[in-house]
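Participant: OK, TrEMBL features for this one:
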ACT_SITE  LYS9  active site
ACT_SITE  ASP134  active site
BINDING   PRO92, VAL93, ALA94, ALA95, GLY96, LEU97, ALA98, GLY99, GLY100, SER101, SER102  ATP binding site
DOMAIN    64-142  domain 'GHMP kinase N-terminal'
DOMAIN    196-271  domain 'GHMP kinase C-terminal'
Amino acid sequence: MITLNAHAKINLSLDVLNKRDDGYHNLKMIMQTLQLHDIITIQEIKSGIEIECDAPYVPSNNSNIAYKAAEILIQKFGLNAGVRIKIEKIIPVAAGLAGGSSDAAAVLKGMNNLFDLGMNQQQLMDIGKTIGADVPYCIVGGTALAEGIGEIITPLPKMDAIPVILIKPRFGVSTASVFKSLQIDKITDRPKTDLLIEALKNKDTNFIGKNLCNVLESVTVERYPLINKIKRDLMSKESMGSIMSGSGPTVFGLFEDDGIAKKAYDKINKNRVDCILTYITND
Ligand code: ATP
């Protein structure tokens, strides 16, 4: 039996470069792991794949992305065994925090150890990208540039472990529908990715906070103006910068130190259920 933490991520930046002939988009994103995590326990059983997950909106059958990850490995390596996978869901679902992708990445890594499959990180990433575009990043984790459809990963200088407040409005957003509504030629405000990377090298967290940028935000804000209200709320509580993560709807705010973040959290948490105080991590 093996237990792993499957961490959530945020996007410090998200740029959509163009649409490809295969329907996917070429992206350029700076990704960052958070302490917030699901807990995945994998146990060897005689045969089959069993998923145990009691979170609402998360399937416990073969449409769970963790099931797909296990199925691929069992087939690829002709394993004469099955797995029981328990998912303790803590990351908000359909939130832009890559919860599902991270669970799948943890299953690939966990089964690699449990069954001594001998795969290196690149081999795990190659399998991961057949499951979902964010899975290769979730295998690497930390601070990283993700390009292509998200599967080309370049590690970046680590960010300091500052506090992050996440606020998830009470609705989920489908990533596919956000990309469908995006008009690439109408994007005016794009992230300064190269300058953000420079700031990571210089540990200039202030610059990063001021220059967080996600081009998908305009699509989601048009549908749900609440996103802008949440950003303003976080900024009014001394956040260094606040944007939507991924395709949303989670909005996050970076904070300079724990004292400011805890004060902000206490005020916000009085009114909202889905408010989480977590930290940047590079685990
Ligand atoms: P991303 O940031 O990669 O776009 P997300 O955080 O927006 O991902 P997820 O939480 O991964 O979205 O879930 C998207 C959908 O996938 C959910 O609506 C859920 O039904 C389905 N799903 C399948 N497996 C899982 C899983 N293990 N955890 C969460 N959702 C899952």
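Glycine is no exception: its Cβ is also placed from the backbone N, Cα and C atoms.
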Participant: Counting by DSSP, what is the helix, strand and coil composition of the domain 'GHMP kinase C-terminal' (196-271)?
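Facilitator: Breakdown, helix to coil: 42 helix, 10 strand, 24 coil.
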Participant: Return only the integer: C-alpha distance in Å from GLY96 (ATP binding site) to LYS9 (active site).
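Facilitator: So the alpha carbons of GLY96 (ATP binding site) and LYS9 (active site) sit roughly 8 Å from each other.
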Participant: Around the ATP site formed by PRO92, VAL93, ALA94, ALA95, GLY96, LEU97, ALA98, GLY99, GLY100, SER101, SER102, list the extra residues of the same chain whose Cβ is within 8 Å of the site's Cβ centroid.
Facilitator: ALA8, ILE91, GLY246
Participant: Take the Cβ of LYS9 (active site) and count every other Cβ within 10 Å, whichever protein chain it belongs to.
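Facilitator: So the number of other Cβ atoms within 10 Å of LYS9 (active site) is 27.
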Participant: What same-chain residues, at least 6 away in sequence, bring their CB to under 8 Å of the CB of ALA94 (ATP binding site)?
Facilitator: TYR57, GLY172, VAL173, SER174
Participant: Around ASP134 (active site), how many other C-beta atoms are within 10 angstroms of its C-beta?
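Facilitator: Result for ASP134 (active site): 27 other Cβ atoms within 10 Å.
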Participant: Please report the three-state DSSP label of LYS9 (active site).
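Facilitator: Strand, per DSSP.
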Participant: What is the pLDDT of the domain 'GHMP kinase C-terminal' (196-271) when averaged and given as a whole number?
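Facilitator: For the domain 'GHMP kinase C-terminal' (196-271), the model's average pLDDT rounds to 94.
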Participant: Sequence gap of 6 or more, Cβ distance under 8 Å: name the residues on the same chain that satisfy this around PRO92 (ATP binding site), in order along the sequence.
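Facilitator: Counting only residues 6 or more apart in sequence, the Cβ neighbours of PRO92 (ATP binding site) under 8 Å are GLY99, LEU166, LYS168, THR250, ASP274, ILE276.
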Participant: Please list the recorded positions from LYS9, PRO92, GLY100, SER102 whose Cβ falls under 6 Å of any atom in ligand 1.
Facilitator: GLY100
Participant: Helix, strand, coil residue numbers for the domain 'GHMP kinase N-terminal' (64-142) per DSSP?
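Facilitator: Tallying H, G and I as helix, E and B as strand, the rest coil: 45 helix, 7 strand, 27 coil.
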